[in-house]
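Comments concern the structure below.
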Amino acid sequence: HTQTHPKCAFNAVSNRSLPRPSPPRSCHHPPGQDTAPGPQTHPRDKWSKKMDFLLSVVGFAVDLGNVWRFPYICYQNGGGAFLIPYTLMAVFGGVPLFYMELALGQFHRMGAIPIWKRICPIFKGTGFAICIIGLYVSFYYNTIIAWALYYLCSSFSGSLPWASCDNPWNTPDCTNYFGRSNVTWTNFSRSPAEEFYTRKVLEIQKSGGLHDVGGIRWQLLLCLFLIFTIVYFSLWKGVKTSGKVRKRTQQHPCAQHPHHGQAGGTEPWRGPAALLAAQTRTTVWVDAAAQIFFSLGPGFGVLLALASYNPFHNNCYRDALLTSAVNCLTSFLSGFVIFTVLGYMAEMRDVEVEDVARDKGPSLLFITYPEAIANMVGSTFFAIIFFLMMITLGLDSTFGGLEAVITAVMDEYPQVLAGRRELFVLGLITACFLAALPVLSQGGAYVVKLLEEFGAGCSILAVVLLETIAVSWFYGIQRFSQDVKAMLGFTPGVFWQVCWVAISPALLAFMVISSLLDKPPLTLFDYQYPEWSISVGYLIAASSFICIPFYMVYKLVWTPGSLKQVRAVPWPLQGLGTGRDLLG
């Protein structure tokens, strides 16, 4: 075992007199075999039905970002003109990497950490970085779902609490302009929905900023506890139970999303017209690339994990095209629905659409949309189904994000965790809940913004870049293509191979450099983030990515032999137990 393990791969170089070890199955897989490469000590779980897998992938890709981020980014970058770079980035960047991750997970049947033993062992730190990023996302993303649950509970009333200015939390600046013709909207005006979100739900007025986040909101604590309870009982038994849960959570958004356009259906197409006629910005290509990569989600380890439970000969190529198309079409639909609502609100305020569409992120979901719903006929009913949609969209994504961490860790330590999934998931969920407590404070929105900006920003792009380089350049595009052929019966075309080797890495490198050079000031509402908080943000981003160089150094230091000996090994000997196993 010591002779064939990659850690001791240099023994074959430094001790030429010893007999050459047999090829380690974890480093070289003969193409064409019908089973997953390498021995599996414990039987692997499988999806009950193909539809469970498809709904899980769609549920992860179609998340709250499709509802809030795409419409805003599209509007800010030229509206209809933005769809051209968005489509090109999807075709040449997002979809190829989406396809690659599905194929990798399905072929190797492993999570994001141990899969690197078979691809390129020295890049194993990438798997640990992916898990850390997934945890950062779970800290704030589930809190946003908890906010939606709070809104849902508040919707069960005769009149919605954000429909008027007659509440204890309202200020003199509160201005209710719906149904009134003599109301003037100024820069100091605040809608009832905005004050409900900031002063009632968040109580952000009791926080002085990141240096003084205030106390924990016990109502949000209960909501988050309920959300994590649902997550636990959906994931504790494996993909068979989580797949059944996703069937229910996917049906509601698909059925209700088109009806939300009724909020602006009484007005002309002022909002969609503004969306399609917006002015183009110079950063359109960077924003288009960032939107498609964050929307489809390659690099988060979720696609690897979900595909690892597929049958070996499942057509992951068709799955990649289908789910990518569903994701993009959902984004287009969300844009039209959201801007229909914004056009309606602009008409009521007697202002331009751009004066309403100033903010992206949760503000669009918790201020703009509730404000429009509050003035619809049957507002209580529409508020309930809207926030139910938000909760189900959010849960589908958090299922995928945490499943990636669970699969990666359990596959890495099967001797310890095999048969103990329920306890491990309980410990993971508990840790995420405790780590999310600062986000539940009265200044928790500031923490959410910081984690959203730095927890999974530039770091995840760099991780995807290294993952693509490791697979295409070190593992080898020909070897990877043969793996795909072993599963599907055909080799990926020239287009896919060129994208994997050159185009996708170039796009990712361009995005990483652009995101590092262009860092606008971080603000939320009227709060300007101080310089020290930006430094903390960079430390958060570095804390995940640093796993990659750290593991490389560890691997090189603790592996017998020298770098000169590694470089001296000819390429034909790779996979024969030599030092080249470090690089695949």
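Each Cβ is built from the backbone N, Cα and C atoms, and glycine gets one as well.
Record features, source TrEMBL:
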- 12-44: region 'Disordered' (REGION)
- 53-71: transmembrane segment (TRANSMEM)
- GLY59, ALA61, VAL62, ASN66, SER295, ASN327, LEU393, ASP396, SER397: Na(+) binding site (BINDING)
- 83-104: transmembrane segment (TRANSMEM)
- 125-152: transmembrane segment (TRANSMEM)
- CYS165-CYS174: disulfide bond (DISULFID)
- 216-236: transmembrane segment (TRANSMEM)
- 247-266: region 'Disordered' (REGION)
- 320-346: transmembrane segment (TRANSMEM)
- 372-395: transmembrane segment (TRANSMEM)
- 423-448: transmembrane segment (TRANSMEM)
- 454-475: transmembrane segment (TRANSMEM)
- 487-512: transmembrane segment (TRANSMEM)
- 532-554: transmembrane segment (TRANSMEM)
For the transmembrane segment (487-512) against the transmembrane segment (216-236), do we get 3 or more Cβ-Cβ pairs below 8 Å once near-sequence pairs (under 6 apart) are dropped?
-> no
Contact between the transmembrane segment (320-346) and the transmembrane segment (53-71) (3 or more Cβ pairs under 8 Å, separation 6+) | yes
What is the interatomic distance between the Cα atoms of SER295 (Na(+) binding site) and CYS174 (disulfide bond), given in whole Å?
-> 35
Between the recorded positions CYS174, LEU393, where is the Cβ count within 10 Å the lowest?
-> CYS174
Roughly how many angstrom lie between the C-alpha atoms of SER397 (Na(+) binding site) and CYS165 (disulfide bond)?
-> 35
Among GLY59, VAL62, LEU393, these being the binding-site residues, pick the one whose CA is nearest to that of CYS165 (disulfide bond).
-> LEU393
Specify all same-chain residues, apart from the site residues GLY59, ALA61, VAL62, ASN66, SER295, ASN327, LEU393, ASP396, SER397, whose Cβ lies within 8 angstroms of the center of the Cβ atoms of the Na(+) site, ordered by sequence.
-> VAL58, PHE60, ASP63, GLY65, THR330
Counting Cβ pairs under 8 Å that sit 6 or more residues apart, are there three or more between the transmembrane segment (372-395) and the transmembrane segment (125-152)?
-> yes
Beyond the flanks of the transmembrane segment (423-448) by 6 or more, those residues with Cβ under 8 Å of it = 135, 138-140, 142-144, 146, 202-204, 206-210, 212-217, 220-221, 224-225, 228, 231-232, 235-236, 362, 402, 405-406, 409-410, 417, 524, 527, 529
Hey, which bits of the same chain come close to the transmembrane segment (216-236), Cβ under 8 Å, at least six residues off its ends?
-> 142-143, 145-147, 149-150, 153, 201-203, 242, 245, 391, 395, 398-399, 402-403, 406, 421-422, 425-426, 429, 432-433, 436-437, 440-442, 444
Rounding to whole Å, the Cα atoms of VAL62 (Na(+) binding site) and CYS174 (disulfide bond) are apart by 34
Min neighbour Cβ count (10 Å) across recorded positions VAL62, CYS165 flags CYS165
Other C-beta atoms within 10 angstroms of the C-beta of SER397 (Na(+) binding site) total 24
